[in-house]
Amino acid sequence: MPESSLVIADNIKNINVKVKTAAVKSGRDFSDITILAASKTRSPGEILEAFNCGIKVFGENYVQEFLSKFELLAGYKDLRWHIIGHLQKNKVKYITGKVDLIHSIDSVPLAKAVENRGVSQNIVADILIEVNLAGEKTKNGATIDETYNLVKEINKLQGLRLKGLMAMPPLEKNNRKYFKSLRELLKDINDKGIYKEKLSTLSMGTSGDFEEAIEEGATIIRLGTVIFGSRPPKVKSA
């Protein structure tokens, strides 16, 4: 069942304490970290509860679901949207100009599709490259080797602004090694000067491991159940 407004408020207070503690532990400021609420399947009401408790950035996985919420919540000007799920090229046209950041660019064709749509609307799109750190065949994302080439290709595109990297590590008890790997990959890209600007965004860490992610350099953490509570079970169709 969805969490009540009081529970969501308490959850966010607890999260803020943990984020601050992890930030201090790694010699960073609380303001360095963006808490993104992963709002897939969450109602507009739940999103507003989190928004009223200080969460300003919400991440959606599915374009159709995002568009519905975007229209319903269009009056809240400080509410910002990111796309964090796999993005199909034929859906790019629906989100251009509506989202602040796309986390899931994982191929040159997708990058070019986003750029082409942005150019047609005189928009420069902010993006992250999604990296498949463990080479999992069941997950989207560029391999580490592919990431270097993708950065080089994006560097040629005028309608994109690459901000950094995103990763969803395997479901393991300790993901610190993957967070460290993503941080080191970002540093190596910067050290080699592959992109025209310094990259600084690391989108990594979810409800079960965001503290470790912060300690390893995360600048965006993507939190769902720890804010909203567990999702209701899917109802099987007859």
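Quick reminder: no glycine exception, Cβ is built from N, Cα and C everywhere.
Here is what TrEMBL says about this protein:
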MOD_RES   Lys40  N6-(pyridoxal phosphate)lysine
DOMAIN    46-232  domain 'Alanine racemase N-terminal'
List the residues of the same chain that sit at least 6 positions away from the residue listed as 'N6-(pyridoxal phosphate)lysine' in sequence and have their Cβ under 8 Å from its Cβ, in sequence order, or write 'none'.
Gly59, Glu60, Asn61, Tyr62, Glu65, Gly85, Gly224
Lys40 (N6-(pyridoxal phosphate)lysine) - helix vs strand vs coil (DSSP):
coil
Model confidence over the domain 'Alanine racemase N-terminal' (46-232) (mean pLDDT, whole number):
96
